[in-house]
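First the structure, in the form of structure tokens, and then the observations on it.
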Amino acid sequence: MVKLFIGNLPREATEQEIRSLFEQYGKVLECDIIKNYGFVHIEDKTAAEDAIRNLHHYKLHGVNINVEASKNKSKASTKLHVGNISPTCTNQELRAKFEEYGPVIECDIVKDYAFVHMERAEDAVEAIRGLDNTEFQGKRMHVQLSTSRLRTAPGMGDQSGCYRCGKEGHWSKECPVDRTGRVADFTEQYNEQYGAVRTPYTMGYGESMYYNDAYGALDYYKRYRVRSYEAVAAAAAASAYNYAEQTMSHLPQVQSTGVTSHLNSTSVDPYDRHLLQNSGAAATSAAMAAAAATSSSYYGRDRSPLRRAAAVLPTVGEGYGYGPESELSQASAAARNSLYDMARYEREQYVDRARYSAF
């Protein structure tokens, strides 16, 4: 049986018309039309050759048709799967065994099985009949038609499709493309990969031009390196200073006259306590000014009568004293009462609180 391909068929053509046209040269087994092409199966090979010779470019309904042998003839029937092969068997020995039934195109052994490609389908059928379930090198091998279509290894498929490059016309073992997808020219690959040889390091360690190029440009890990304590402290101080400036920038700059003069004074301790002037105790304050110049600027606030009776204090240092009879004098008592009755501090609390809250 020979399968013929008919191309460029007109739309008016029918299967009966095509069948009757080819039956002039031999028995037609099957006729199929698919869109603008079709297939005709002729029983005799000689009749098929006559049909090709006479009907090629034949004008049918005003259109020249193409008649030729089908190129997509199934060659899967020529590929045989041979199982249970002896591990000592070689490709040459297996090929010679199958060549007893016809020409062998390719023979590939994969582990304990193999694929054998016969040139003709009838030879493949004869090989199956003669070699299936027969002894070969001490093992009973099984021969059958291969049904695999995916070419995942050499020998799995026909010559029309290479499993490496996907092109037709050659087997995988004859493919010029290597397994990496490049043309198998090892000299060219070697020159491309290893042709540029760098000069050796003739300088000392750390003085080579290659060393400087690699490690002397930028330090991408500088931010992750451990810094000294002094550097960390300086960075923290600068950050705190900047934060204080940003925080104080939005606060009001208004201050009272008393507070401004008190802060601007460089000779007076800002935390020193001074008695403020009061009209009700002007005479007493004048009397205490001379005593305050020779004594401490702070006033003792020991209000416990027990400790006050036992303590030995200066006579006029703190605004009160003891007489010859060790009794509290009336003048000292009056001065002491007037001192604690007046308002000692008259500062603006909001301005002071805003001044110290930033720190």
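Cβ atoms are placed via backbone N, Cα and C, with glycine included.
Keep in mind the model is a prediction, meaning the values are calculated, not measured.
Looking at 88-105, 124-141, 160-177, 178-195, the range tied to zinc finger in Swiss-Prot is 160-177. The Cβ of Ser86 (phosphoserine) has 14 other Cβ atoms within 10 Å, all protein chains considered. Straight-line distance linking the Cα atoms of Ser86 (phosphoserine) and Lys79 (SUMO2 cross-link), rounded to a whole number, equals 20 Å. For the domain 'RRM 2' (78-148), the model gives a mean pLDDT of 88.
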